[in-house]
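Student: The following feature annotations were taken from TrEMBL:
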COMPBIAS  A:153-171  compositional bias 'Basic and acidic residues'
COMPBIAS  A:216-227  compositional bias 'Low complexity'
COMPBIAS  A:228-239  compositional bias 'Basic and acidic residues'
COMPBIAS  A:315-327  compositional bias 'Basic residues'
REGION    A:65-92  region 'Disordered'
REGION    A:140-171  region 'Disordered'
REGION    A:195-339  region 'Disordered'
């Protein structure tokens, strides 16, 4: 093997034992070998040389004996490759930890079981059957500061609930702070439960299924071709057309139907020029209208004649005859105002 | 995988109401911790998938790559027509799969008239596409077509030797990039200790021309030689193929710098009382406290000490004798 390496002008392969990698940057094919087999053979030869070079360094490393065989500790790899994930950021200190650091408070190791004065036994610090549990207290003595109607047991429970809520809030704040930096612990995720309330202070309206179905159609109308050629998702129904449904006549007329266009223009012209006016005019309606108008006119004339002479006289005697009730007043004034 | 308990918080003071989701299961928790970013990274998982159309050879290539990387690879067999690696919008699906399967390497195979037997090998950083290399596969020979002694076959998951031959890998940009990507793909797990009896495979990549690479997978035979180092013999076993580099996309500078950062690159904390000099190297200062000569325990037992002990013994003996006398008298 050594003879072959000496024939090479420069032996220096780049060997990276940490990756079991060897690179020969000096080899080149001046002319491609004629057959595939020769090419493969030459590649394998060169490959063998490189692998031998790596093995030289590898087997000379200090090894320890193991059950399966000699174990070697590999040196760290020299070829730098990009990471797959970002570098983990160090956790920021929580508010309590900062306070403790400032004050110099040390962490104390806590015992698993604690002596419970109430029952006189050893109990665990938290969880089922714990020390200082609320349900173990038989009597709470009343103090001067207590209000009369307050249940002290319920008050204890409320206080505990408040403390727990406060602790949860603080925990959330600490996690939010960590999330801001990007150093959230791997098993925790923060999820938003609702969007922020802005402006009108009203919660966002929930969109119904039908409305959602129409939204795509509405958006499509703003495209150049009115959404006609948009690619549809599987299962999407065609958009419902809004507004009037117009029907247009075909450009090329079919034979045997007659000219529809001619009919259309004829009807329009007839309405305008009124060729057969008896078809256009509704005589009965015209007569009623005339009669109603005439009657209105005659009524007006009569009212006007009667109004000026007896308007005030009508009002006064009527008031005297009727009983004194509040409602009658406006009624009588209405009668006087008749047209 | 999605078993979380909800701890809902109802505080209207914060504009966005948030809740903390933590896993209820130990198994889920351990899985999440495995996927968290680590200081020193061990191995990248590979995602193998295909596009709208594949050819027979391409199917063979993809399945054999999957066999070679059995422990750390995920194979998708359905067609994905919305993945277009070199287009701006066509990578979202890839990134989604990478996020869900926690794979940072992907091999995407597709076949078309313009690009026959196309393989796109890509890497991800933080589940976003980092770089891509597109190669065409020619002259593919599968594992079945090789005849060899089955006893020598390399075992699954063993760490391979990798050899790159050719000046093209230094001079040509595309081949340099391909070399880096192939190293990442073929490397396997990064381990500290390796069992010398377990090395049994090698990958050989030769640069045939400025855009063609011949890649083959061989089994190793260790033969006895005079020294500790055995003589290596390569026997072709596995798939062999010609890779023709078509397109490639390098990462942009800022992303590359960020991805190449290691823990050692972080600013070193200043160690107290240590300074370095150009001439003398590292210098350390040691502060020795004042010796208290009087209080130190003497190493050799001085005569005076011995005498004291003798006298003390005498005293004791006398006292005992006097006690006995008293008792006897009583």
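Each position is counted from 1, following the chain as shown.
Note that Cβ sites are derived from N, Cα and C of the backbone, with glycine treated the same way.
Just tell me what is around each of these and how deep it sits.
Tutor: When Cβ-Cβ distances below 8 Å are used as the criterion, the compositional bias 'Basic and acidic residues' (A:153-171) is approached by residues 95-96, 134, 137, 140 of the same chain, each at least six residues removed from its ends.
Cβ atoms under 8 Å from those of the region 'Disordered' (A:65-92) belong to residues 16-19, 21, 58, 177-178, 181-183, 185 of the same chain, restricted to positions at least 6 beyond its ends.
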Student: Sort out the residues at least 6 away from either end of the compositional bias 'Basic and acidic residues' (A:228-239), same chain, that have Cβ-Cβ distances under 8 Å to it, and list them.
Tutor: 213-214, 216-218, 220-221
Student: Which residue counts does DSSP yield for the compositional bias 'Low complexity' (A:216-227) in the helix, strand and coil classes, in that order?
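Tutor: Counting residues by DSSP class gives 5 helix, 0 strand, 7 coil.
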